[in-house]
């Protein structure tokens with residue numbers, strides 16, 4: 001099972017005059033932050049809850065703008081990229097970003113937010129024997145642009161960001177440089193992240209997450225068969241349906257929200273929650289998504305012996321222009337001439353012109369790779385506890401050690417790439 005995500009953020013100049021940096025050769029400058037285990041004032045559980053709050057707020061906007069379509073994204077990738085930008089933001093621009101990420105600045109100092117992210121990303125970067133998680137950021141900077149040393153050092157130390165120089169006066173070459181980097185970091189699952197660069201581009205920030213996990217209890221490929229997946233009460237498609245017999249797995253029936261929740265664990269420190277709303281109840285479940293709901297589901301899970309569990313095998317991908325979505329969460333100024341990103345270069349002449357998020361989700365028998373009444377006889381939970389994920393459902397992948405939501409997906413059409 002794989003989940004692969006990449007995000008690209010393009011920063012352009014409002015006016016000329018911020019240029020002057022020594023040489024134009026490609027340079028790579030990497031510094032990994034060695035976080036001491038003395039912790040941070042923003043503990044991991046609080047940060048996880050805040051990130052989940054942002055994740056569900058963003059999910060609701062995506063669902064509203066993309067009805068009846070697959071949704072796949074990594075809230076952690078998006079919030080980490082925005083947090084890096086906030087290192088160079090000031091005034092109202094800074095407040096918009098951090099408050100848009102659901103931080104209360106009267107309760108949590110900005111420095112603690114960055115230390116919290118740094119601690120989280122450092123823990124995620126520890127290689128695991130069973131679950132593979134790779135996350136990182138990179139700054140591609142116009143070869144003549146002078147970046148403030150403080151911004152670059154903080155991006156390195158807290159967010160493990162790599163720094164490269166690029167010649168944006170040659171947009172095609174710069175685009176290839178960035179897209180090749182992202183492709184290599186995501187096992188070649190994400191290609192063409194950035195497009196339409198022009199000579200006004202001064203900096204591109206990319207953030208990526210690659211996740212690959214093996215099911216603790218894998219499906220047998222010999223049991224996979226063609227079966228119906230219901231798009232709505234009138235339409236269905238044939239999909240490869242995976243099947244597993246006689247398993248005991250964490251299970252919860254939420255009568256209040258009319259949905260069934262099952263947890264399938266990966267080997268190692270990750271798990272996936274699958275949420276199957278009753279027919280016609282998806283909007284009710286979506287409206288209730290918040291950190292408290294996720295906590296309730298996880299705390300209510302109990303081992304349940306199941307006769308059979310059926311889950312579609314699929315590979316889907318999505319891409320979003322976050323420039324059209326984040327303003328609805330209060331993050332507006334970075335895309336306008338009012339932006340104050342002077343902590344990056346020392347001058348107020350930068351704006352974010354593009355923010356693109358791409359995600360790929362593969363679910364198969366061995367695991368995950370990552371790069372929603374009438375007229376239809378839906379097969380639902382029965383007395384013998386057989387569960388069919390044969391209609392629209394939600395999926396939430398979490399890192400169990402730091403209790404952080406890594407990815408969220410809504411599967412409406414398993415065959416639509």
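Along the chain as shown, the residues are counted starting at 1.
Backbone N, Cα and C atoms are what each Cβ position is placed from, and that goes for glycine too.
Of the given residue ranges 341-366, 367-392, Swiss-Prot assigns the label region 'RCL' to 367-392. Reported as a whole number, the C-alpha separation between residue 184 (N-linked glycosylation site) and residue 390 (N-linked glycosylation site) equals 35 Å. In the structure as shown, the Cβ atom of residue 104 (N-linked glycosylation site) sits within 10 Å of 9 other Cβ atoms. A helical conformation is recorded for residue 184 (N-linked glycosylation site) in the three-state DSSP classification.
Each residue contributes its Cα atom, and for residue 390 (N-linked glycosylation site) and residue 269 (N-linked glycosylation site) these two points are 28 Å apart.
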